[in-house]
Amino acid sequence: MDQDMGMATGYFQDADMQMDEPAAATQSIYPHSATLFAAISACVFVTIGVLGNLITLLALLKSPTIREHATTAFVISLSISDLLFCSFSLPLTAVRFFQESWTFGTTLCKIFPVIFYGNVAVSLLSMVGITLNRYILIACHSRYSQIYKPKFITLQLLFVWAVSFLLLLPPILGIWGEMGLDEATFSCTILKKEGRSIKKTLFVIGFLLPCLVIIVSYSCIYITVLHQKKKIRNHDNFQIAAAKGSSSSGGGSYMTTTCTRKAREDNRLTVMMVTIFLCFLVCFLPLMLANVVDDERNTSYPWLHIIASVMAWASSVINPIIYAASNRNYRVAYYKIFALLKFWGEPLSPMPSRNYHQSKNSKELSGVIRSTPLFHAVQKNSINQMCQTYSV
């Protein structure tokens, strides 16, 4: 009996030692101050990111002016991706950095990198879609309305989301690498399987190649814009000369003003999209390089990996700020949502000016004239022809 109890005691002691061994092996490679900084940053980004992207989605869906642009569909896709990241990936990330371990089980550990890397691909491919939209608007203006019909936009968005997650099928199925827990960094990521990992290939196909497409496209846009500006200057000089020799230049002046306003609006939208891409690049490039170049030697610079990760998380938070800072239409949409939510009073209805009542009558008469079918037919035909010159 005593011998049996001794054997049982020895068995449980051996089991305890075996259970203690992984704990020693999974000791964090990061300083506690670094993990605390990462956890607090993740919590801050969760709060700002969820609110910011939710308000952005509401603002875009409720703004008829913004919904007129085909670009808006890709911006909505980008916002959904950021919202998914802030509401799913970042809360789990905050907990794992606070606890310095992964405590959510094996299944969720395999899902986590799929959502993380899939979101990165969706964001980048959505930007590619925006870039191609801007390029076609300028380079193939006559075919733009045919290419960006609602059904084609839907197909493009389905393609963006499908490709983003299909790229991850090899590690999901364990064919080329596998999804799992890196115990040294308590991170659920793409691990090597049989000495092979798909990380570098994903970096080239899912990050580097889309970035090159965006850079080349915006370079072509810039060159085209320079040529278009020269055309606009020549056209304006012609309009001025025609106005001096004719008293009937009012219609041309109206169309010139309308097209110039549309061109400036498209310009501002393009600049905003370039800003979003540059910020995304600045935020994500350090993490991508750290994961690819320093993948097996990440104990050398632990703080570098933490800072690179925090910068990558910031990319899902800054887009609403860029929208509000760089585009008036987006600011107006945000104001309306805030007013609807009673954050503050309606700021978009200025007091009538001194000449308001005088101008009101003339505007009503102008409105009656412009509401006639003949005016619309002539205006649409003329403006579509002239605006090709002003599509910048």
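Every residue gets a Cβ built from N, Cα and C, even glycine.
Quick caveat, the model's predicted, so the values are computed rather than measured.
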What does Swiss-Prot say: are Tyr30 and Ser197 on the same side of the membrane? yes
Labelled phosphoserine in Swiss-Prot - which residue from Ser247, Ser253, Ser366 would that be? Ser366
Annotated phosphoserine residue, as Swiss-Prot has it, among Ser248, Ser359: Ser359
Swiss-Prot annotates one residue of Ser197, Ser362 as phosphoserine; which residue is it? Ser362
Can you find at least 3 Cβ pairs under 8 Å between the transmembrane segment (111-131) and the transmembrane segment (40-60), where each pair is 6 or more residues apart in sequence? no
Contacting positions for the topological domain 'Extracellular' (95-110) when only residues 6+ beyond its ends and CB under 8 Å are counted: 26, 28, 30, 32, 35-36, 38-39, 42, 172, 179-181, 186-188
Sequence-remote contacts (6 or more beyond its ends) of the topological domain 'Cytoplasmic' (61-73), Cβ cut-off under 8 Å? 130, 133-134, 148, 153-154, 157, 269, 273, 329-330, 332-333, 336-337, 340
